[in-house]
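Now, the feature entries from TrEMBL:
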- 307-338: coiled coil (COILED)
- 103-114: compositional bias 'Polar residues' (COMPBIAS)
- 120-129: compositional bias 'Low complexity' (COMPBIAS)
- 170-370: domain 'AH' (DOMAIN)
- 1-26: region 'Disordered' (REGION)
- 79-135: region 'Disordered' (REGION)
Amino acid sequence: MADSIMSKAATMEIPINSNGDTGTLQEDDSLEQDLQQVMVSGPNLNETSIVSGGYGGPAGGIIPTSSIKGPAVRFNPEYLDRRRAPAPGPDIRMKSRGVGLPKSQSAASRLAQHTDQHPGSSNNNGGNSTEEVSRGVAVEKLDSVKKWGINTYKCTKQMFSERFGRGSRTVDLELEAQIDVLKETKNKYENILRLATALTSHFQSMVQTQQALGDTFADLSQKSPELQDEFGYNAETQKLLCRNGEALLSAVNFFVSSVDTLVNKTMEDTLTTIKLYENTRLEFDAYRSDLEELSLGPRDAATMVRIDVAQHDYQIYRDKYERLRSDVTIKLKFLEENKVKVMHKQLLLFHNAISAYFAGNQEQLEQTLIQFNVKLKPPGSDKPSWLEEQ
């Protein structure tokens, strides 16, 4: 009985079904029952033999084991538990066919679980938003550079066209004449300012010389008894001239300061507005010429879109041009009124102070300073104090 069981186990074929799984045969059940019976009763090893040749082998492959002695085989119940097949799971191909598959979770629940398991994903979203903001700023800068390049190209083209006589320019004859007068007036006033500054510098040197000469005469009048009166008279005269010179110097400095404010601040501010007006006029003419060129071309769909854009830009720069032209007109008007008012006062001050000084009329000179609210600076007031020099 044992020989038949062992030979049957050694030569048993294992059939394979179409899915690659081992089939369940009745021979497997009978084999397992025989094995259980052998393990319960315990076989006699003297009646067993070892088949070495396998299935279909020769008879010589059977080795008798009658001489082998050994203990009987005991039943192990854990062996059967290990031999039992695991719980059947779903086949992969059956899953692919959609047979017997469990319902999957929704995408929202899986996303929520992913967010719970990965809390750093919100930080990634914040980083993405920061990158989008940076990208938007870069795009805006690129657009501004592009617009600047197009505007510069059109203005340069218009400027060369005007210089070579190929393009037309917008001209306001009355306003252009006023601008030319202002530029010429500024040049003349700058010349007056330069000469008045030189007069102040020379006159200040003369006053300082007179003061030093008067001090020397006063010192000699005390050290020379025989010429004391003569040195004393000259010392008094030089001191009087020095005092009157300081008064005249204060009037001339006030005149220079007022003219400098008129030339370098008031007129310069108006000229700055005029420069903006001229640049705007060039831009306006550039976009006007561009619109005229497009209007003379064919009227297809693409050209009509370009004409609409050019018309929009033309209207923008036209409004800007009109606004700056109005600003220049108003500033020129107020500048002329201010210039007349300031120069009337300053020229009268300069005339009265010079006349009173060279006439030797000290009272009239002092009265002139009071009339025009000119403060008399003491000698050496322009020099910094010893504390400021430290």
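Note that Cβ sites are derived from N, Cα and C of the backbone, with glycine treated the same way.
Listed as Cβ neighbours of the coiled coil (307-338) (distance under 8 Å, sequence separation of 6 or more from its ends, same chain) are residues 170, 172, 175, 178-179, 182, 262, 266-267, 269-270, 273-274, 276-277, 280-281, 283-284, 287-288, 290-291, 294-295.
If you average pLDDT over the coiled coil (307-338) in this model, you get 92.
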